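Read the structure below first, then the notes.
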């Protein structure tokens, strides 16, 4: 007889190899055909909801790993919440307006000047929608489930109308105004920028010290003294109208070789060193506070203009001279302090950053090129004390990567000052996973200036503002709502297709327009106002969603972006934050923590990972990251992820193979009748389940990744599944011992598949389709396992046993190295108590020790004279006695010796007898 034919070997059609790149699209097609997203919602439609509001990615360009990280974690969250019984719709969105799309069309050869604004905008729209189709397909390929057939898009008429109405409510509250203020201005984009559109890079700049002669000392300083200022923007000197000093700082008039200079005393040594003064030749002649210097008049170094000495709290002693060059047309602090003194706002640059006629001798020069001309003129006037060059962190346009400037222009603003405290209070009411997230957005709101919301572009939502003949601004509830209604019906292109009069309510009149003529605003809204209105355009508009959302989750750059603009508009109009919980992730770097770039050749993109390895590998990688900070990816990291995946897959396959003849309805053993080792594993499963559920609740996916590996490697592979082979393969098919183990194995398989489902979406579905007797058609329509109390006493007992078993394994390994045994079934374990542990008494509680140790024989003694001492007993390993059973390979002294049952141990004889 071939005894192999009598073994109950694993059987399953579940393949060992994943073949994910080919298999995943088939599974996704099945989900689409079954409309699984709708089924998942329908299942929980009467339950409490959980709303994760999708921050809209920009509809331009292919997906990068940051997109994948973001969308995959969102999918973890929504799928988990759905399996926990929540009604959890997920509506993906796209941000579609703004300069990058205009630039993309220009690169494609679209000549904006050869068409009307409305025609150009139509091309922008077509481009954006094509980009959305590409990105949508790629997001779905990552296994992300959502309402992709009905996403929200910021260019749709209903969204734009909601945005206009929100704008109108802010205007009604006096939060929208027009003013000439210095704003971040990008000459390369020819537009103003919000703080969220600024990024900092190193830049080499001129560093100059300039002397301003005293013109009218007011009897406070010597008339032949000079104020020294320091600046890294020489091109702003033509706009200088003041010198700001701190009212409480002490200043000194210093005589240096007959020259009299005024600087802050706290900075005098640094100034002396910078200007190369001989310390022995410096004399402090006079002292005064900044307050005492107020209203002293200095002379502009090369213009016929007074530079007034004023007081400002923003002056520090971190660098410079303590006497701050002040040009209200080119700096926010300068502008604010200048307002108090009614100083003129001079900003002689055009949109391209080129000096206008107002710039005098610098007319026609690009501001950066004017630096040299200004310093040359200062030198000519003997006002330049020092010219140097420094490299410092400087604001750049996030799109063009070119430097920006502060430039005073007429702009539309949303007032932050009027709602700042309300926003800060709303942040206090918001939950955060990490304290630094709260600190970050709190400080940004606390410190940010007014929000410039106008842009001098065409591809965006028009500002719904009209002007009367006399220049009066028309922005009433009636006119704004009428524009919103028009946008909702026709889309915002109507603004560029119709005259102002046609966009106003029928019969509208205004005292400032006696002839009934009106003009319309040409600026559009900041794209952050677009996406920052999504709580109105989506949460409050879509019937399946609600305000506020339970969660906003985006990259950490959104503390100054979408998180910021959203809470600003929500607090301004609804008096509360649009999110209950705020969570963020870091950026994706290469394997060495460097930024990915084509030039370095270290770029990995989602499409490449999916085609080569599969979306589940990308998803498992995401779960393996500490996403709260920057994460790393490389071919080597993905190889490690693939190895972990293979281990998970093979473990699930092993369990599938060993329950092929098990029906939980008829073959299950009641928990009280399970073997104790099986009850131990059931309780370990419950511990693992409780921990995994807790980790999902706390968005701790790295913990899940690590604990899954630990459970599979330590509990299953290294013990239970290895131990179980002697039972599952060898025992009689329906023996109590075998059915006891299959009962627990089935539970482990089902629960693990559910717990892994939000992460390994395709593999879990594949396992589910091969699992016999499951009720739900899809694992994603099943519920998460319930958290059940564990038997602590049982776990404590078996945890001690597992530690003891580790000692036995160490002894077996030693015996293997010494050639006493080969495989562990060749061993007899002799074990006894020692001073550190009463092994003999402890092991009296356990049966079938030879199976638990995976050896042929175990002898427990009070004392082992020739054993090696371990923490949990003295252990001696011998070669097993007797001969090897040809069926189970255990050694015994009771081998059969007759006919069919020859060379079989008594246990195998009993099993085979039933088969003959």
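Backbone N, Cα and C define each Cβ position, glycine as well.
If you check Swiss-Prot, you get these features:
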BINDING   554  L-isoleucyl-5'-AMP binding site
BINDING   598  ATP binding site
BINDING   885, 888, 905, 908  Zn(2+) binding site
MOTIF     57-67  motif ''HIGH' region'
MOTIF     595-599  motif ''KMSKS' region'
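Feature map: annotations from Swiss-Prot on the structure.
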{"residue": "554", "record": "L-isoleucyl-5'-AMP binding site", "Cβ contacts under 8 Å, 6 or more apart": "55, 70, 561, 562, 563, 584, 585"}
{"residue": "598", "record": "ATP binding site", "Cβ contacts under 8 Å, 6 or more apart": "none"}
{"residue": "885", "record": "Zn(2+) binding site", "Cβ contacts under 8 Å, 6 or more apart": "891, 892, 895, 903, 904, 905, 908"}
{"residue": "888", "record": "Zn(2+) binding site", "Cβ contacts under 8 Å, 6 or more apart": "726, 730, 905, 907, 908"}
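Long-range contacts of the motif ''HIGH' region' (57-67) within the same chain, counting only residues at least 6 positions beyond its ends with a Cβ under 8 Å from a Cβ of the stretch, are 94-96, 98, 100-101, 104, 128-129, 131-132, 134-135, 138-139, 153, 555, 587-588, 596, 604-607, 633. If you draw a 10 Å sphere around the CB of residue 908 (Zn(2+) binding site), it holds 25 other CB atoms from the protein chains shown. With a 10 A radius on its CB, residue 905 (Zn(2+) binding site) counts 26 other CB atoms from all the protein chains. Apart from 885, 888, 905, 908, the residues listed for Zn(2+), the same chain places the Cβ atoms of 730, 886, 887, 889, 890, 892, 904, 906, 907, 909 within 8 Å of the centroid of those Cβ atoms.
According to DSSP, the residue listed as 'ATP binding site' sits in a coil region rather than a helix or strand. Residue 905 (Zn(2+) binding site) falls outside any helix or strand according to DSSP and counts as coil. Mean pLDDT of the predicted structure over the motif ''KMSKS' region' (595-599): 79. Across the range of the motif ''HIGH' region' (57-67), the DSSP-based residue counts are 3 helix, 1 strand, 7 coil.
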